[in-house]
Ligand SMILES: *Cc1c(COP(=O)(O)O)cnc(C)c1O
């Protein structure tokens with residue numbers, strides 16, 4: 001073994017198609033983790049593959065200061081599907097970079113430095129995003145991180161109102177926390193945070209890296225809260241598995257965003273794959289499917305294991321089953337006995353984040369398997 005850092009799973013994946021992954025011997029696995037929400041359109045969606053391949057053959061890369069159709073097309077599509085007036089896009093290569101840019105832009109545009117984040121948050125692993133991430137296990141041994149970050153209880157609007165002041169550059173929140181345990185924002189919370197930001201001229205940054213792109217049943221999770229942030233970050237599934245992130249900004253942030261850049265920003269191949277992904281999400285109404293399939297999955301899970309678990313929660317196809325004892329012990333059984341791949345979220349939550357193309361029969365198989373491994 002010459003690689004390091006990742007702890008490896010005992011299944012070697014050779015191929016993917018739709019909601020399925022296959023190992024080298026051809027065993028089929030139902031992918032209910034989508035590798036952390038990276039494949040909303042399913043594995044190797046033919047339209048995305050075709051768009052990327054076509055672009056790969058014409059132009060792999062040119063520096064960002066030369067306009068190219070693929071990048072401009074993606075800018076237009078992102079602005080068209082963004083909530084409200086988030087018309088200005090910065091492109092990068094990952095979620096953590098999208099958040100780093102959001103934090104830099106907010107500090108520059110406001111002239112302030114303080115950032116308020118929430119308990120149980122996860123925003124990425126580079127020095128700035130990591131400073132906005134709650135859990136000690138991600139930060140241990142890497143200090144000092146970027147300064148100026150404060151944490152308040154997620155969901156507590158009063159604590160947020162008390163923390164945001166005239167020195168605040170930004171509030172950074174997930175509209176539903178993923179890594180922290182599948183914690184939806186309480187009703188009215190995001191609207192209250194929006195008001196606190198408006199009162200003090202701070203930028204509201206919503207991290208939709210896990211919640212966005214149809215996953216929670218609307219294109220962006222903030223839509224169901226009727227809140228438009230000043231900056232919205234997306235990544236993960238945006239190019240169906242090729243590395244891309246985007247920081248969508250309102251004009252007041254974009255026009256005074258300061259000096260930022262990255263060599264691979266808006267490369268033509270990932271831009272073409274991302275535009276094709278947005279196309280598929282729209283054309284196949286994957287947000288609508290996430291909403292209806294999510295409702296179905298929750299009611300079936302409630303019926304099958306509702307009595308045995310603490311909670312089944314989430315929205316659309318971003319669901320958590322909070323069990324009474326370690327969720328981690330269930331995952332190998334799901335994988336090895338039922339060929340179903342899922343994820344943890346913290347120690348007690350089994351996280352389901354399937355590709356948005358899953359059908360009822362796939363949900364039925366998962367419900368049956370979850371009931372079996374818990375029994
Ligand atoms: C995954 C994730 C990130 C970090 O994205 P990377 O591409 O791994 O850097 C940030 N925020 C949220 C909410 C995420 O789920």
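Glycine residues also receive a Cβ, built from the backbone N, Cα and C atoms like all the rest.
A quick note: this is a predicted structure, and the numbers were derived from the prediction, not measured.
Lifted from TrEMBL, the feature list:
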BINDING   95, 96, 122, 207, 208, 209, 210, 263  pyridoxal 5'-phosphate binding site
BINDING   125, 262  substrate binding site
MOD_RES   236  N6-(pyridoxal phosphate)lysine
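Cα of residue 262 (substrate binding site) to Cα of residue 96 (pyridoxal 5'-phosphate binding site): a distance of 13 Å. In the three-state DSSP scheme, residue 207 (pyridoxal 5'-phosphate binding site) falls into the strand class. Cβ neighbours of residue 236 (N6-(pyridoxal phosphate)lysine) (same chain, under 8 Å, six or more residues apart in sequence): 36, 37, 38, 95, 209, 210, 212, 213.
By the rule that a residue counts when its Cβ sits under 6 Å from some atom of ligand 1, the binding-site residues 122, 208, 209, 262, 263 yield 122, 209.
Shown in sequence order, 63, 64 are the residues of the chain, 6+ apart in sequence, with a C-beta less than 8 angstroms from the C-beta of residue 263 (pyridoxal 5'-phosphate binding site). Straight-line distance linking the Cα atoms of residue 96 (pyridoxal 5'-phosphate binding site) and residue 125 (substrate binding site), rounded to a whole number, equals 6 Å. Residues 95, 96, 122, 207, 208, 209, 210, 263, recorded as contacting pyridoxal 5'-phosphate, have a largest CA-CA distance of 26 Å.
Listed binding-site residues: 96, 210, 262. The one with the lowest count of other Cβ atoms within 10 Å of its Cβ is 262.
Counting Cβ atoms from all protein chains shown, residue 208 (pyridoxal 5'-phosphate binding site) has 28 others lying within 10 Å of its own Cβ.
Cβ neighbours within 10 Å of residue 95 (pyridoxal 5'-phosphate binding site), excluding its own Cβ and spanning all shown chains: 28. Neighbour count (other Cβ atoms within 10 Å of the Cβ, all protein chains): 30 for residue 207 (pyridoxal 5'-phosphate binding site). Ranking the binding-site residues 125, 209 by C-beta neighbours within 10 Å puts 209 at the top. The two recorded residues, residue 125 (substrate binding site) and residue 208 (pyridoxal 5'-phosphate binding site), show a Cα separation of 16 Å.
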